[in-house]
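Enquirer: Okay, so Swiss-Prot annotates it like this:
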type: TRANSMEM; residues: 43-63; note: transmembrane segment
type: TRANSMEM; residues: 82-102; note: transmembrane segment
type: TRANSMEM; residues: 108-128; note: transmembrane segment
type: TRANSMEM; residues: 188-208; note: transmembrane segment
type: TRANSMEM; residues: 222-242; note: transmembrane segment
type: TRANSMEM; residues: 249-269; note: transmembrane segment
Amino acid sequence: MDILLLLKAFILGIIEGATEFLPISSTGHLIIVGDLLDFNDDKGKVFEIVIQLGAILAVCWEYRSRLISVATTLHTNTSQRFILNLFVAFLPAAIFGLLLHGFIKEHLFSSITVACALIVGGFAILLVENLYAHDKAPAAKASNLNEITPWQALKVGCAQSLAIMPGVSRSGATILGGMIFGLNRKTATEFSFFLAIPVMLAATFYDVYKNFSLFVFEDLAMFAVGFITAFLAALVAIKTLIRYVANHDFKGFAYYRIVLGIIVLAYYW
């Protein structure tokens, strides 16, 4: 058993789980740290699929009561509208993802690209937060998930499509998009969590289909370590972010993105 490989799996599992649902780009962090750990080969790419699945299941577990409630009340308008909103928001990312997935993975998965996206995204967060601080942004209309309209969901889904670029952050794009298009901060954050389920599951199964031959039994221990650490770290991150957004804005994440992006650019240039 390669202890160093398991240590890399542990580190990357924590990074995936801790960053997947924060507006700082988990993919960007995995690319940067993967480069530093020399773990961006085919084995590393397959490993990312496993830890992303761990993070997805953390959302399912945290919101299991809501998911079970929706599944058992499909005949109600509330549940049907919730599913419709997720489907509508999922479509733009699915379309752009299928069209551009291969090109982006081949040409844009680099630390330099991530650094630039981190910096631009950081300033975007500051812009949105400043608009809200000066009451120039649209007033929040949806104070809970049941009040989101399909039109709002579609616009959030379009914002999410920006996250096909590594370093942008899927959660950041959906949360900020939600805030811009009429959701309050907490509702936008929770909708981002739920939207992660179909989006990330679709991406994960697509990657499994494309890379199935790279999964080997000898890597089972590495996969297990990464999966478990990603699951646990994601649970902590989800609970922490929900508490955080009750009384804080996202400017701290913006400054973190900008500083990290500058450091990465300086390191590689």
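Heads up, residue numbers simply count up from 1 along the chain you see.
Glycine is no exception: its Cβ is also placed from the backbone N, Cα and C atoms.
Remember, it's a predicted structure, so these values are computed and weren't measured experimentally.
Please go over these features one by one and say how buried each is and what sits next to it.
Expert: Below 8 angstroms of C-beta separation, residues 5-6, 9-10, 12-22, 47, 50-55, 57-59, 61-62, 186, 189-190, 193 of the same chain, each at least six residues beyond the ends of the transmembrane segment (222-242), sit close to that stretch.
Counting only same-chain residues 6+ beyond the ends of the transmembrane segment (249-269), those with a CB under 8 A from a CB of the stretch are 22-25, 32, 111-112, 114-119, 121-126, 128-129, 132-133, 167, 172, 175-176, 185.
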Enquirer: Quick test of the contact rule: Cβ under 8 Å, at least six residues beyond the ends. What residues does that give for the transmembrane segment (82-102)?
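Expert: Beyond its ends, the transmembrane segment (82-102) has Cβ neighbours at 70, 74, 145-146, 148-150, 152-154, 156-158, 160-161, 163-164, 174, 191, 194-195, 197-199, 202-203, 206.
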